[in-house]
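As given in Swiss-Prot:
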type     : residues                  : note
BINDING  : 263-268, 327-331, 397-402 : substrate binding site
ACT_SITE : Asp265                    : active site, nucleophile
ACT_SITE : Glu302                    : active site, proton donor
SITE     : Asp398                    : site 'Transition state stabilizer'
Amino acid sequence: MTQPNDAAKPVQGAGRFDIWAPEAGTVTLLAGGERYEMGRRPGNGPADEGWWTAADAPTGADVDYGYLLDGDEIPLPDPRTRRQPEGVHALSRTFDPGAHRWQDAGWQGRELQGSVIYELHIGTFTPEGTLDAAAGKLDYLAGLGIDFIELLPVNAFNGTHNWGYDGVQWFAVHEGYGGPAAYQRFVDAAHAAGLGVIQDVVYNHLGPSGNYLPRYGPYLKHGEGNTWGDSVNLDGPGSDHVRQYILDNVAMWLRDYRVDGLRLDAVHALKDERAVHILEEFGALADALSSEGGRPLTLIAESDLNNPRLLYPRDVNGYGLAGQWSDDFHHAVHVNVSGETTGYYSDFDSLGALAKVLRDGFFHDGSYSSFRGRCHGRPINFSAVHPAALVVCSQNHDQIGNRATGDRLSQSLPYGSLALAAVLTLTGPFTPMLFMGEEYGATTPWQFFTSHPEPELGKATAEGRIREFERMGWDPAVVPDPQDPETFTRSKLDWAEASAGDHARLLELYRSLITLRRSTPELARLGFADTAVEFDDDARWLRYWRGGVQVVLNFADRPISLDRPGTALLLATDDAVRMDGVQVELPPLSAAVLRD
């Protein structure tokens, strides 16, 4: 059931069937096996244009329904469908979000600053691959010290398994994960465990199968595409309704499902030339809902533009978002622990790049990018942005999964190198994000997988993936077929690893680092001006200060000794670390956190 500006409000088992179909000549509702002719909704204002209504149809929960446009015989699913129990091509089913009896009345939410995020994919996080099964791991995550769980997209897609970025029904939760009721249970359980939930959402494109939005109206800009297909119509004719559709989806997650924030996928692909960018509207809506609900709500943008305007307040022409990803941190860490310098890693081949990121947030803040062949980014105004607004990681779903074989750092690097990456991520000035399994050095890959039922689409996806890496010099024989079910199965975590050998040792280090971060305010609370960095590229060491806390890292394959060791050893990644009043000694591939 769809009602303009109202999709995110609980229906409480009643309502009416409304649909926006401005180009249709006739619209028929098929509900509960009966047909109802719809009429144009009364009203002369722009908000009423193109809307059809069937006020006499039976309403309530668990009614199967769809729409027939211009005499069609096959009904289309609702663009705002909450449930698709038989798949994205089938009838929609009504769902009453108000039926869930929430148990989280005492939940006050969490602020981004000072928090640690854990990114996970429901389908591969547990053997069962469901929301209910993932809820069984919440105590583990709370014990690790996590504050926010960030879920990869859960909206409905065609097939049984997918990363989630091929979603076509933004208001529906994938039935294979348990559907919308399971999602509510998961959020409720997360809050009971003291964990916030951030939902990854995709508003820059729709998937290749099951996208019926163009049948209803000008949701897309045909011929104006991005990497994934036609762009969403944010600024053309009819875009007022399209924008409201998206804003209602934002409100649905934050209000109906009580999530604590959204991760906004690839906002650089949101083509919006209107005076008020839709990201600004997102920020204003989140602030309003935060005031209404009495808890913080966090919007985090994924952007490769290195543009701090995303974070600046709206009253100074910013978008007012709480955070954005910083790929530069990932690249600098990856190069210095792995030695890879190809492709977009080429500009980060020194400890100097890592030092600049730690000091300034971005490496490319107006500097020349050899990978792009042009200057890139702009500097951050330190008086307007706290370092915690930058979300950083040493691994994430993109940076692992978009490698040819989906290999993690832990599949090729020793404990010492993984420990260096962990220390940089969890003691640096930014908000750290872990990718599922990283904390124990998972050796299961995270590969690109799909399950398109259409043979031609599946074949095209697999061939395109192989061609992409063949152009980069990879042997096509080593690139996994995304349509092979084994590619999905291989990507599931093996939780038995977490208790064995160096896996258990690394897991204990992550717990200790998160505990130290929480108990040492300088690590998470100080601003950009409170970070100082020294390094020696030839000797391969780097150290930085956050107020009265010093972090020393040895990237070399030989021991080092440095002066000014501080007064107390707070944490070491290796038992062979030694310090006295004169020097601190670090074995190869090790780090220490010191109190000055």
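Every residue number used here counts from 1 along the chain in the order it is shown.
Note: Cβ is positioned from N, Cα and C throughout, glycine not excepted.
Of all the recorded positions given, namely Glu302, Asp327, His330, Asp398, Gly401, those whose Cα is no farther than the 10 Å limit from the Cα of Asp265 (active site, nucleophile) are Glu302. The two recorded residues Ala266 (substrate binding site) and Glu302 (active site, proton donor) have their Cα atoms spaced 5 Å from each other. Comparing Cβ neighbour counts within 10 Å across the binding-site residues Arg263, His330, the minimum falls on His330. Taking only the Cα positions, the spacing between His330 (substrate binding site) and the residue listed as 'active site, proton donor' is 13 angstrom. Cβ neighbour count for Asp327 (substrate binding site): 21 (other Cβ atoms within 10 Å of its Cβ, all protein chains included). Sequence-distant neighbours of Glu302 (active site, proton donor) (same chain, 6+ apart, CB under 8 A from its CB) are Arg263, Leu264, Asp265, Ala266, Val267, Gln324, Trp325.
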